[in-house]
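What TrEMBL lists as domain 'DYW' is 916-1008. Sequence annotations record features per position, and here TrEMBL assigns repeat 'PPR' to 196-230, 297-331, 398-432, 433-467, 468-498, 499-533, 600-634, 670-700, 701-735.
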Amino acid sequence: MQLFYSTLRFEILSKCNFVDIILQWPQSCRVPTSTFAAFSSSAASCVLDEAPTEENVHSFDVVHSELKKGNVLCFDRQQEIHRTPPTYHEGVRDKCLEIRCSPDARNFQGENLRSLLHESGGISGQLADICAVSNILRACSAAKVALHFVEQIHAKSIRLGFSKSPLVCNPLIDMYLKNEFLDSAIQIFLNMCTRDSVTWVAMISGLSQSCHEVEAIHLYSEMRKLGVFPTPYVFSSVISACTKINLYELGEQLHALIFKWGFSSELFVCNSLIALYSRCGNLTFAELIFSEMQCRDRVSYNTLISGFAMQGSNEKALQLFEKMHSESLKPDSVTVACLLGTCASIGALHKGMQLHSYAMKAGMCSDIIIEGSLLDLYVKCSDIKTAHKFFIATQTDNVVLWNVMLVAYGQIGNLQESFNIYSQMQIEGLQPNQYTYPSILRTCTSVGALDLGEQVHSQVIKNGFHPNVYVCSVLIDMYAKHGELETALKIFRRLNEDDIVSWTAMIAGYAQHDMFDEALKLFEQMQERGIQSDNIGLASAISASAGIQALKQGRQIHSQSIVSGYSSDISIGNALVCLYARCGCILEAHLAFEKMYARDNVSWNALISGFAQSGKSEEAVKVFSQMIQAGEEVNMFTYGSAVSAAANLTNVNLGKQIHARTMKTGYDCEIEVCNVLITLYAKCGRLNDARRVFMEIPEKNEVSWNAMITGYSQHGYGRQAIELFEDMKLLQMKPNHITYVGVLAACSHVGLVEEGLNYFRSMSEQHSLVPRQEHYACVVDVLGRAGQVSRAREFVESMPIVPDAMVWRTLLSACTVHRNTEIGEFAAGHLLELEPKDSATYVLMSNMYAVTGKWDNRDQARRLMRDRGVKKEPGRSWIEVKNSIHEFFAGDRLHPLADEIHKYLEVLNNRLAAIGYVQDRSSLWNDLELGQKDPTAYIHSEKLAVVFGLLSLSNMIPLHVMKNLRVCNDCHNWIKFVSKVVDRTIIVRDAYRFHHFQNGLCSCKDYW
């Protein structure tokens, strides 16, 4: 007792503000309770103050003088114990000490311990000594003892009245917490009459180690409120708890207390602090603590090495490994595993192989941690061959390593080897777990093997993993990516718990298959259920907003991504660029692009494709040029978007330049690029070039066939389009909605009414395709072109869906051509309800009345248009000459060659009149504002573009003229006569189709 007092007094006088006091005074000493309380209170007041005062020390000395009276009694009691013959509990103690000190203590079985204790009398009916019970429990803690055996001892101790003693309760708390019996440990803790520092350490460290970090921190706080002083072990446990749940600020505050109370040199405390600062990324502090440590162990090195590895300081991790060697500390399996992970992350295969050699020499290769780390190294360094050899050599029955090999083959898309591993695993009797199935399913997803994925799905159900959220998330992703969204939705709806991965997979699946409304609805449901979206979910929702150009909703999700801390995420940035570009917000798209901390091909492609799809094709071409100048790597998606922009601009020369670049870079064989090139040449009137690209594609897909069928149809080559469709079916290619638009339009162009109706019916009957508005519009066009306007009206009225403006406009156009004002007015009425601000409706009505001679009705339609504030888009035509685009408007006098153009036009008109051309003034009058007198305004833009082409281009070159509006009757007739007089092929693309004029005829057969 004198020694204890001297030690405590020394701690106080040396200004250490903490001491661990454990006072267990024997009752035989008969020290009054008041004296003991006074001693405890005095000691407490000393350690709670920031520094000891004279008053505190004096008080401590007074109490000590009273306690000295008990020292003699205490000494006499100790002597009595030493003189007593050995009792049975000493035999128990010796046996327990033997077990605890044995190197095989952790493998010591409970039954063996039971038999030993029986031999010593420790578990017999005579067991009545608290020290014996304590020794037995401590031995149980060191050995692998069955918990029911411990519970028997616990029950025995309760009967003997030891259940509230720290000697018994402390090891019981430790064992219950290690076995995750939290309630039992807490109950023992609460029932204790007195708790020593060991009790608090056992409880706090046990909670921290058993993943109850918050409870550990709360208990520490409660301990401080009760005036119990924490030991270094308590601080170590609480800091570890803070590290695990990322409470770095609290950990830093505890560090200040540790430094203040003089525990900063304790080895295990320093190790915990290194882990804290390493995890929070403050490697400077971690290194500082490490460098100031008076002694270091393997844990110190392992903790800092893993910290460097986690924060990407891989070189420092390797340097620390070398330093560990220099200090004669032998690295253990944890060190080597951590360094192997470092090598794997930086692709340092050679260094990793050196570590492999070291592990072999040190006999570590049989360690499961080392096996897993080595396999991970070879897989991440793409040395799959060595990984496979090592895997075979291990002859392991560890499912984790089998899963690693499944992932390895999945990454390189080797489905056959993945299934070989998967099958062999089951042959050897290893049961796949919740990580096995996702690995093989991801491989099926990446290579498009849905049928094999479905077989794995059936095994998932059979083996009872279907309710597993992790497995179901991958199944949802697989079915969604393969377009089987109904199946994916069924799995999603069956999930019993909300999982962010499942929601994200479902939203992404909808977005990837252009089901943007469904994706956004599901995203809203996820928000309503309080599920916080991750970066992938937010990016998918933004992409869905871009798909339907829902700018307002996209901006809201953009704001949410900022609040959630994902504003710098590259996937979010790419989606935002796409959103603003597709919505035509050029400045915002550029701003989102410039704000990105890192960009990749997807970033540039999003900007280019977004502008191309929103009609900002010139801006798309500019960004493509900037990307080339910046030296960014261009891929097939970039070329595809750039060619699409050139197609939208009908700039064939630009398209040819991009085509030439694809040939240089080897992307001209990519089917995605070829498909867009077909569309480019078809849109620019170069049908022969489109056909050549189509024929050179080695393996055509549905998009290839659709592009060529649509090209033929747009140019009026209906027979060729239908023949191509029949060839497509012979090759077992599955037509889709786009295919049927082209086929039905082709039937319209060649007047195949019954064939067109048969194809329309075959959509649903043979291919299970539900007709859309565009298909109904094509059928109306088929009937209308054939003059069956009444039948067309009946068809529209029998539609199972509400006709949209496109259907009614097609019917109105047919009525204009066939001069049926009754049905025409009926169609126009519906159009004015649907789109009262669309100028095309008023123009068609005006034309219909003009061709039927109803001038009052025509004027009324014009006045209605003016009164409603609807303005007709100015007609403009353009032609490319010597790599320059020349644009013309009606009556244009601004062109540098305007005088020559109008002079040659007059000469040409005289030649046309000589062979029978008569101007159709109904079209001209319709385009003039009432009272306009300028005769040059009668000259439409396409006439000026044709004349300029005739003046500027060689007679051997066909003219290619583009117009933004529908070609009027007069201009169409005029160009037919011109093609005959000058013996020149003239190709005109208007807002509806291509017109190939040659020898006085047009490919549209005068119906457009």
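Yeah, the Cβs are placed from backbone N, Cα and C, and that goes for glycine too.
Across the repeat 'PPR' (433-467), the prediction's mean pLDDT works out to 84. Residue counts for the repeat 'PPR' (600-634) under DSSP (helix as H, G, I; strand as E, B; rest coil) come to 26 helix, 0 strand, 9 coil.
Within the repeat 'PPR' (433-467), the DSSP-based counts of helix, strand and coil residues read 25 helix, 0 strand, 10 coil. Secondary structure of the repeat 'PPR' (670-700) per DSSP, as helix, strand and coil residue counts: 23 helix, 0 strand, 8 coil. Residues in the repeat 'PPR' (499-533) partition by DSSP class (helix H, G, I; strand E, B; coil) as 26 helix, 0 strand, 9 coil. Within the chain, the repeat 'PPR' (670-700) has long-range Cβ neighbours (under 8 A, six or more residues past its boundaries) at 636-637, 639-640, 643-644, 646-648, 650-652, 655, 659, 662, 707-708, 710-712, 714-715, 717, 733, 958, 960, 987, 989, 994.
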